Amino acid sequence: MASSTATAQIGVTGLAVMGSNIARNFARNGYTVALHNRSVAKTDALLAAHGNDGSFVRTETIEEFVGALEKPRRVLIMVKAGEATDAVIEELAGAMEPGDIIIDGGNALYTDTIRREAAMAARGLNFVGAGISGGEEGALNGPAIMPGGPKESYESLGPLLESIAAKVDGVPCCTHIGPDGSGHFVKMVHNGIEYADMQLIGEAYHLLRDALGLGAGEIADVFTGWNSGELESYLVEITAQVLQQTDAKTGQPLVDVIVDAAEQKGTGRWTVKSALDLGVPVTGIAEAVFARALSGSRAQRKAAQGLASGTLAEKPTDTAQFTEDIRRALYASKIVAYAQGFDQIAAGSTEYDWDLHPGDLATIWRGGCIIRARFLDRIKEAYEQNPALPSLILAPYFREAIEEAVDSWRRVVSAAVRLGIPVPAFASSLSYYDALRAERLPAALTQGQRDYFGAHTYERTDAEGKFHTLWSGDRSEVSAE
Ligand code: NBP
C-alpha cells in the first residue's frame, strides 16, 4: 500500500538487493517505510512485487522522500559503498534538519565513517555508521546489526533496528557499538573473521578430499556430522549444502565444476590493512586473504603446474581418526582466528577511544550474520567471566578445547606438509599458538641484528633501561638512555 502523507518512521534509500529486503523487513515489523532509489524503477519494482508486505510511501525525489518522514527523521542509506554513499549523504544532508539521523548501512570503510560522522555532526545531523551482516536473506528475515555513532541517536533508532534484527534466545542481534566509525570497524573485523572461517573450512575440505580421497558427497556427510557438535555454525551448515549440490549440466558435484579462484570485495583486505596499522597479528585472516589472492592468480598457477613436489608421504589409512584430527584442527584454528579478531577489536577500541565491549559483539554475532555459530555463546560467556581477558585463548573453556585438540592439530599440519597439501591457515594458526605460549622467542636475535646495523638499541633480561653494543668499535656495551 502506498500513501503520500508524512507518516513514515523510517526511510530507505538504495533499493537494490540489501535495501529492498531491509525495507520489507521494516514494513513487516509494522513500520511505515518511505522508499527512495536513484532510479525510480527499483522503487516501483519493489512495490509491484512486495507492496503488500506492509505500509510503504513511494517517493521519487529526495525532497519528497525527506518530507514523508516523521521527525526526527531517520534515513537508512543502502547504496554502493564509497563515492555513491558520499553523494547520497550530501544530498540528504541538504534536505534534512538538525537532530535528524542518517544511517549508512552499507559496507563503508570505518575511517570514511569517522570522517562522515564528524562532517554531519558539524551540521547538527546525527550520523550512524551501521554494519549489517547476513546478506540478502538476513536483510529480509533478521540481520545482525552493528550501529555506531552518537549514543543519543540509538535511543530513537535502537527500537527500530532491534525489531528487524535476528533474535537469539529472545535477545536482538543489535546493540549500540560505540562512537563514530566503531560499528563499521567491528563489521569489518567480523568479515575478516568470516574470511578466516571460510579458509579453514576450505582447508579441511581439501584434506578430506586429497589426503583421504573422499568424494564431495562423503565430505558433505562429514560436515553435516560436524554441524551437530561444537563446530555447529551457519558456514559449516552451508558447506554441507554446497558439497551436496549436483551440477544439472554434467551430473558432477557442483563444487567440482566451479573454477577454483576465489574473489573478494575488500573487507578482508581492509581488516588486514587495519591490523597492520594497529600492530595486531591477525595471521589467520591474513592467510585467508592471501589464499584467495593466490587462488585468483590463475595465469601464474597455470605456469607453475608441474613444479616438483619432492617425496610425498603415504596417505593416512585410518580415515576415521584422521577425519577427527581434522575436525579438532579446524576447531582449534577457528578459536585462534576469533582470538586474533577480538585482539584487533580491543586494539581498535584503544586506538580510537571507543570503549568497545567484546562480549556484546559475541552476543550479537550469535544470529543473523554469516559467522553465527554455537561457539559464540562460549565467547560471550568467556568475556562475561573476564571482560579483561588478555586473549580469548586463555579463557578456561577455550584453553581446554585447544589443549584437547593440539595433538590432532600437529598431526594434521605435519601430514599436510608431508602430503604437499597447502594449509596456510591451519599451519599459521598453530604457529601463532606456539609463538604465543613460547617462553622465549627469536626476537632477541632480531633486536641484536637491529642494534648491529641500525643502533636501534635493546633491553636486557637482567637490567632496566636501553643498551647498545659498539659493534663497529670494541664491542663493549653502553647505556643508551
Ligand atoms: P549495491 O552495492 O549493488 O548498490 C546498488 C545501489 O546503489 C542501487 O540502489 C543504486 O541505485 C545505488 N547507487 C549507486 Br550504484 N550509485 C549511486 C549514486 N551515485 N547515487 C545514488 N544511488 C546510487 O547494492 P547491494 O548489494 O544491495 O548493497 C548495498 C550496500 O550494502 C553496499 O554498501 C554493500 O556493500 C552492503 N552490503 C551488502 C551485502 C550483500 O550481501 N550484498 C551484505 C552486507 C552489506 P540505482 O538503482 O539507481 O543504480
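Glycine is treated like the rest: Cβ placed from N, Cα and C.
Taken verbatim from TrEMBL:
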- Lys187: active site, proton acceptor (ACT_SITE)
- Glu194: active site, proton donor (ACT_SITE)
- Gly14, Leu15, Ala16, Val17, Met18, Gly19, Asn37, Arg38, Ser39, Val79, Lys80, Ala81, Asn107: NADP(+) binding site (BINDING)
- Asn107, Ser133, Gly134, Gly135, His190, Asn191, Tyr195, Lys265, Arg292, Arg450, His456: substrate binding site (BINDING)
- 183-472: domain '6-phosphogluconate dehydrogenase C-terminal' (DOMAIN)
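Recorded features from TrEMBL, shown on the structure.
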{"residue": "Gly14", "record": "NADP(+) binding site", "Cβ contacts under 8 Å, 6 or more apart": "Asn37, Arg38, Ile77, Met78, Val79, Lys80, Val88, Gly106"}
{"residue": "Ala16", "record": "NADP(+) binding site", "Cβ contacts under 8 Å, 6 or more apart": "Asn37, Lys42, Met78, Val79"}
{"residue": "Met18", "record": "NADP(+) binding site", "Cβ contacts under 8 Å, 6 or more apart": "Met78, Gly105, Gly106, Ile132, Glu136, Ala139"}
{"residue": "Ser39", "record": "NADP(+) binding site", "Cβ contacts under 8 Å, 6 or more apart": "none"}
{"residue": "Asn107", "record": "NADP(+) binding site", "Cβ contacts under 8 Å, 6 or more apart": "Ala81, Gly131, His184, Lys187, Asn191, Lys265, Thr267"}
{"residue": "Gly134", "record": "substrate binding site", "Cβ contacts under 8 Å, 6 or more apart": "Gly142, Pro143, Ala144, Ala166, Gly368, Cys369, Ile370"}
{"residue": "His190", "record": "substrate binding site", "Cβ contacts under 8 Å, 6 or more apart": "Gly131, Ser133, Ala144, Met146, Gly341, Leu361, Trp365, Cys369, Ile370, Ile371"}
{"residue": "Glu194", "record": "active site, proton donor", "Cβ contacts under 8 Å, 6 or more apart": "Leu235, Gly268, Ile370, Ile371"}
{"residue": "His456", "record": "substrate binding site", "Cβ contacts under 8 Å, 6 or more apart": "Gln447, Arg450"}
Would you mind pulling the longest C-alpha to C-alpha span across Asn107, Ser133, Gly134, Gly135, His190, Asn191, Tyr195, Lys265, Arg292, Arg450, His456, which the record has binding substrate, in angstrom? 49
I'd like to verify something. Among the binding-site residues Ala16, Ser39, Asn107, Gly134, which ones have a C-beta closer than 6 angstroms to some atom of ligand 1? Ala16, Ser39, Asn107
Over the span of the domain '6-phosphogluconate dehydrogenase C-terminal' (183-472), how high is the average pLDDT in this prediction? 97
Taking the residues the record says bind NADP(+) (Gly14, Leu15, Ala16, Val17, Met18, Gly19, Asn37, Arg38, Ser39, Val79, Lys80, Ala81, Asn107), how far apart in Å are the two Cα atoms that sit farthest from each other? 21
Packing count at the residue listed as 'active site, proton acceptor' (other Cβ atoms within 10 Å of its Cβ): 28
Name the residues of the same chain, 6+ apart in sequence, whose Cβ is under 8 Å from the Cβ of Arg292 (substrate binding site)? Tyr195, Gln199, Ala262, Glu263, Gln264, Gly268
